[in-house]
Amino acid sequence: LTGVLDDCLCDIESIDDFNTFKIFPKIQKLQERDYFRYYKVNLKRPCPFWADDGHCSIKDCHVEPCPESKIPVGIKAGSSNKYSKVANNSKELEDCEQANKLGAVNSTLSNQSKEAFIDWARYDDSQDHFCELDDERSPDAQYVDLLLNPERYTGYKGPSAWRVWNSIYEENCFKPRSVYRPLNPLAPSRVFNLGSVCLFSWTGLCLEKRVFYKLISGLHASINLHLCANYLLEETWGKPRWGPNVKEFTRRFDPIETKGEGPRRLKNLYFLYLIELRALSKVAPYFERSVVDLYTGNGHEDAESKALLLDIFRDTKSFHMHFDEKSMFAGDKKGAKSLKEEFRLHFKNISRIMDCVGCDKCRLWGKLQTQGLGTALKILFSEKEIQSLPENSPSKGFQLTRQEIVALVNAFGR
């Protein structure tokens with residue numbers, strides 16, 4: 001790919017250079033730190049849209065939850081919104097240890113934490129979320145070590161996988177008029193999986209709807225790329241060998257194989273990168289405050305993690321070709337408000353569709369990357385609230401849960 005991306009003044013070569021030499025090495029290091037490697041997720045939520053197809057029986061679809069004993073005590077103590085050590089006193093940590101001996105879910109909170117949690121929960125119930133968040137207090141919510149459950153091709157494909165993406169594109173996406181997708185996943189003449197055909201022109205779509213479509217297409221391309229890059233090549237004597245599958249990559253992205261659509265899918269991935277990069281630069285003031293600490297209970301590691309995150313923020317601000325979201329929802333106030341709400345509800349529905357993915361590992365990474373993008377959108381539409389944050393107290397006007405922070409960083413890392 002070469003040249004300028006649509007809807008922004010940025011060329012692909014500049015993004016490649018910036019990412020390869022500045023961002024990617026640092027993001028990789030950040031993802032390996034305890035705060036960002038443990039993600040709490042509920043993989044047992046029922047599909048809200050159709051009868052469950054049943055879970056994938058392929059062994060590589062399985063996700064191994066992390067034993068409670070492996071989770072840093074500062075992460076599992078208290079509420080999901082806790083990001084600083086302010087409320088994590090030693091008495092509470094003792095209570096947490098005791099609670100963990102009795103059960104997996106710790107419901108012990110100090111009065112101070114309870115008051116803060118009520119404030120945070122009230123905000124979390126407001127209209128700013130672009131994603132359906134998992135209830136981290138649910139008995140079905142478990143910590144997963146993302147480093148031990150990498151995103152890769154598990155063999156999950158066919159009608160079940162097709163139905164998820166078809167529902168996203170056909171029912172929850174603003175589509176260009178000429179978009180078409182295969183209508184019958186059971187047709188014998190084709191093999192249906194995540195690489196379906198999609199041809200289009202932009203006739204009649206406003207900027208906001210073009211952006212929405214590109215984000216979903218970019219997310220789809222991202223997931224497909226990871227499957228091609230980490231593919232089960234062979235399994236001999238019970239020892240699987242994973243690696244790049246060039247043939248599969250060609251089938252999904254080659255201009256001839258995809259009738260010209262492949263390069264556009266990859267361009268949409270670059271567009272998604274720019275949106276999430278923009279969100280990271282915008283949310284920097286939230287994390288730059290001394291009250292925010294990436295708390296795991298290990299003071300030295302926490303300080304290093306925050307320093308590395310702030311270093312990444314400085315890099316994101318140094319990139320001069322960001323996507324300018326100010327051009328979105330900028331029409332008459334009534335129409336802009338209505339379109340923004342439609343945008344939010346469509347994306348929220350897509351986050352709910354991720355609970356319909358039959359393969360646990362695919363569901364894990366689908367939920368995480370969708371939530372990461374949803375968090376990015378929440379940040380981009382909360383600029384005023386972020387700019388007016390108090391320096392030395394937890395914010396009530398804008399708040400990120402630990403789940404959202406972990407999803408944002410890991411989605412961008414993907």
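In case you wondered, yes, glycine gets a Cβ from its N, Cα and C as well.
Automatic, uncurated: that is what TrEMBL annotation is.
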Disulfide-bonded cysteine for Cys359 as listed in TrEMBL, from Cys228, Cys362: Cys362
FAD binding residues Arg152, Thr154, Trp165, Ser217, His220, Arg252: largest Cα-Cα distance, in Å and rounded to whole number: 21
Those binding-site residues listed as Thr154, Ser217, and which of them has the most Cβ atoms within 10 Å of its own Cβ: Ser217
10 Å Cα neighbourhood of Thr154 (FAD binding site): matching recorded positions from Cys61, Cys131, Cys359, Cys362: Cys61, Cys359, Cys362
